[in-house]
Amino acid sequence: MNILQLIDLKTLYLLQLFILTTPLILSLSPTLSTWTWSPKKAITISLYLSILLFILKSYYMNDYTIATILKSDTFNITLNVKFDTYSTTFMPIALFITRTIVTYSDWYMSTDKQRTKFTQYLLIFLLAMLTLATANNLFLLFIGWEGVGFMSFLLITWWRARAKANESSMQAIIYNRIGDVGLIMNMCWFLLLLDTLDLPMIYSMSHLMPMMPLLGLILAAMAKSAQFGMHPWLLAAMEGPTPVSALLHSSTMVVAGIYLLIRMQPLLKNNHIALSICLFLGAITTLYAATHALTKNDMKEIIAYSTLSQLGLMMTTIGLCLPELAFLHLCLHAFFKSMLFLCAGNVIHTLHGEQDIRKMGTLHKTLPTTSSCFTIGTLALSGTPFLSAFYSKDTIIECIMTSHINTLALILVLISTSFTTIYSIRVLATVWTGHPMHQPLPHYEENPKCTKPITQLAKWSIVTGLFMSLTTYPSQIPPLTLPTSYKLTALMIMLISLLIATNLINTTHQKPMQAQTTMTTHRITSTMTLSKAEKESTRLMDQMWYLNLGPEEITKYQKPPIMMTTSQKGLIKTYLLSFIYLLALIPLLF
């Protein structure tokens, strides 16, 4: 018998959880907290165990029951875990990225007095995401779902002295509570009508699934993965420390919604309306985020919008009913996105908190290692051939061009792909090349504690795409033959966008032409006419008549009855309660 077949998969998984929770248990005792068992060591050992778990998944059955929470004559609520391609692939990726971010945090948070507590928060964040990834029923999945939401709240508001950090954390928790409504509605619906929360039993009833629970799933994923309409919290989450942004945007919080839809794909694949909603929601999100990233100057904000754009692309792939391809892009995106955030944190730290890319330039001489890694991540994000994202983005574009979908979604995705290359090259050229726009910097050498985790992520950003594309097998056979024009579409879009970005950068770096001071009769007449029309339209009409007849007059008559009611008090609890009441009344209308 093979020695690998002698290892119990359930015991290995429980050992992994015990190792990860040991630093948290030791921290409860003052006498044991000084022991050398650090979170970093626990994550490292768990990483090796997860790799062994990935190798062993083909020797064992997939489903395991850890404990039974509630048992009755009609149904049982158990803690079931599932070891399949999704869970066993995602676990080592999440552990590896968390390990590099914890290593980076040792340098980035070295002056913080509570850095040990910060590392413990990151560890709990990781545990919640692993719970969600391995769950085989909605009860255990909901525990991980709420765990990542609560820990994101604590980490975003880490610097509590900042008013904006507190506002951002509240914004994140409120948007995620809206998504929780959809998931809780689903759990109640499955309990009432199916008498089970186990995913295999729910999958078996997929042919009888109505539209209402599917809309609840989409609402939950929409809020958690910051799709269009629920996206503001993701941009506000940048107020947390840079390691938090790197972990939250890469492999934990924001991918939880996409992972939920990947798990629920057996329910979605039989409902074309739900798939169309995912398709257009993802296409609109990716174009919206890519368009905004073109106009932003904050370095972390541009990277955050790129995360939002890639999440939209994953949602589009789910709308194409290709969950394996969406999962492939989710895993590959985690490597270079976490690396981009860590590089941005290094740049901001070097420039003493400056995040405006217009006040940077020529930093490749000051930060050579960070510059090289950031270039690799940017090219991977753009879909450069043979880097990680090329193997997923190129396949997604090929599949969307050969599928029978609306042409509008195809056009939106192609435009957003072009914009991704343009804003990526813009950041790359503005920050690392050109002329220095910042204050003179003293002699600076990169700290190995900073460059080592970034270098590790850069190496895996190069080779992971090829490895995963060879080991991931789609459930649907992709088109084996394609026209040459279809096959080269993604590459041509990237090259054309690269040329456009280069021309735009060269144009902006040139000195603008001096305007002529000679005023001709035609110029004087047009200037006087334009100035007079501007004064009459803005000062006389907009600021006087329109205000008095429109908004101010309406407010004058509407404000007293509004203040007399009991619901309009500016309290978020009252609004959420009213929202829940309305959702409860919706089924009665059908």
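Even glycines carry a Cβ here, placed using N, Cα and C.
TrEMBL: automatically predicted annotations, no manual curation.
Features of the protein shown, as given by TrEMBL:
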DOMAIN    71-118  domain 'NADH-Ubiquinone oxidoreductase (complex I) chain 5 N-terminal'
DOMAIN    135-416  domain 'NADH:quinone oxidoreductase/Mrp antiporter transmembrane'
DOMAIN    423-589  domain 'NADH dehydrogenase subunit 5 C-terminal'
TRANSMEM  12-30  transmembrane segment
TRANSMEM  42-60  transmembrane segment
TRANSMEM  118-135  transmembrane segment
TRANSMEM  173-194  transmembrane segment
TRANSMEM  200-223  transmembrane segment
TRANSMEM  244-261  transmembrane segment
TRANSMEM  273-290  transmembrane segment
TRANSMEM  408-429  transmembrane segment
TRANSMEM  486-505  transmembrane segment
TRANSMEM  570-589  transmembrane segment
Non-local residues, at least 6 beyond the ends, that sit with Cβ under 8 Å of the transmembrane segment (408-429): 279-280, 283-284, 286-287, 289-291, 293-294, 299, 302, 305-306, 309, 312-313, 316, 319, 357, 374-375, 378-379, 381-383, 393, 396-397, 400-401, 489-490, 493-494, 496-498, 500-502, 504-505
Contact call for the transmembrane segment (273-290) and the transmembrane segment (200-223): at least 3 Cβ pairs under 8 Å, seq gap 6+: yes
Region pair the transmembrane segment (118-135) / the transmembrane segment (200-223), three or more CB pairs under 8 Å: no
Mean of the pLDDT scores, which run from 0 to 100, over the domain 'NADH-Ubiquinone oxidoreductase (complex I) chain 5 N-terminal' (71-118): 84
Ranked first among 12-30, 173-194, 244-261, 570-589 for CB pairs under 8 angstroms with the transmembrane segment (200-223): 173-194
Within-chain partners of the transmembrane segment (12-30) [C-beta distance under 8 Å, separation at least 6 from its ends]: 37-39, 42-43, 45-46, 49-50, 52-53, 56, 64, 66, 81, 83, 116, 120, 123-124, 126-127, 130, 134
Same-chain residues near the transmembrane segment (173-194), Cβ under 8 Å, at least 6 residues beyond its ends: 75, 138-139, 142, 145-146, 149-150, 152-153, 201-202, 205, 212-213, 215-224, 226, 230, 232-233, 257, 260, 572, 576, 579-580, 583
Helix, strand and coil counts within the domain 'NADH-Ubiquinone oxidoreductase (complex I) chain 5 N-terminal' (71-118) (DSSP): 28 helix, 8 strand, 12 coil
